[in-house]
């Protein structure tokens, strides 16, 4: 039978749309304003009450301000893309390949109405990294927290509080749909661990393919993923095959000033190494976690990860390349653009292209930085950890089905019957392919050992692992080796002594080394159904994910009638639509 997802492209209304660089960041109206956050003191937020040391998981400056946004999803064919190549099919947010920035302040309420004007596809929008404290039904994952928003005018208003601050992004969680363009940035203003003068806003880095995400999903079911056709910087770049087409992204610095730049990797396949010729970057935040500042010449940014950095405009007034490179012997991704780059332009310099290409940075080998020290500390017991069947997740690729499994099971959700609906109806009869792990105790550390196919006979791959609803701590990982070495490491009792529970790295996306292991833990303080998955689109599409069902009784007790009515109404609308198209079947994990 034809693919349901593939049906998106079978009857598009022809439209010849030209690409224009979107205006990403909309300034906030001067409502709630911090009264002590200045260029010389970014650590303060509200004098005497909230600053960089405030534990944002415990205390939030609720402002009463509602930031309202509207996102309208449409589709087009024969679309002229940012690098001058016409794409057969594309999906757009408010008419652009990159949606508007959702911009708020710490403690604001964010309300986003999503209207689905796609022709055949449902959709949901996930607010990546947003904790969704006690608002699990707003997490935007079809088959887990809700049913899809039906096409041809269906809508949903997502409402949640910005308990965290920093930088993130939103994207569709309907199959691999975000690879077709349903992506945008999130900026939540708050304190910072280092002073700066100018906030440059988000820099969205993304791989870019001329084929549709659907075509690539099918291709990767029996082949290694192809190189990306290009790499975009805030939705633009030149065409590597014809440099007269497209344009470089230009980031303007003011000489003598310190600038904050919010780097986001929204790719489906490519992990990036980022560097700037002649400049270092000072890291002040990773994902939504403020960290003690430190300086580096380059950053490894995995899919879904974010780094907020400061850049001092202390060099000669000129133009400089910002370069993206690929490490790990091709295991981190690759592109047909041999030199993906943007231009760092000093105000007052000419408009000519930089002349110094710089040198490739040291290879990060698809591994995260280890010197991320959270400003707000945590202490986690590690000495008593014992690996067991109820806390170990074994990731494997089936060589026969080409599906990914966790403990032998491939994720395959039912769009029309989300896990939350089972829980609300006091049923545990969800399908085994929902890959549900019950986490019932409150206010505990839940430890999870993730092992990446150490016994594989072929090559294992690194995976950017993302958890919804929580920041997790990274207590340890297998030794640092190149993915090309394919050295197997299995966690043993002797590894316990190497674990770090003294204010360890804390974030929501971390790289799982090939044939290695990773030990993470999260606090059970947020009831709901929370997806954990690889953020390589083809991997989660092929089943690499599971759901932690956390405190189900407390989750139900915390719901109100409006929450439940909205869930049931949306599922009713979706299930009225989906059977009417019964020749179009879900043919991947659904998320």
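Backbone N, Cα and C define each Cβ position, glycine as well.
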Same Cu cation 3 site per Swiss-Prot - residue from 103, 259, 468 joining 173, 533: 468
Candidate from 128, 163 that Swiss-Prot assigns to the same Cu cation 2 site as 171, 535: 128
Annotation match for N-linked glycosylation site in Swiss-Prot, from 242, 480: 242
Per Swiss-Prot, 534, 539 bind Cu cation 4; matching candidate in 364, 417, 463: 463
When distances run from the Cα of residue 468 (Cu cation 3 binding site) to each of the recorded positions 128, 265, 571, the nearest one: 128
Proximal but sequence-remote residues of the same chain as residue 171 (Cu cation 2 binding site) (Cβ under 8 Å, at least 6 apart): 125, 126, 128, 178, 182, 183, 184, 266
Cα-to-Cα gap, residue 265 (N-linked glycosylation site) vs residue 173 (Cu cation 3 binding site), nearest whole Å: 16
Rounded distance in angstrom between the Cα atoms of residue 407 (N-linked glycosylation site) and residue 242 (N-linked glycosylation site): 47
Cβ-Cβ neighbours of residue 242 (N-linked glycosylation site) (radius 10 Å): 11
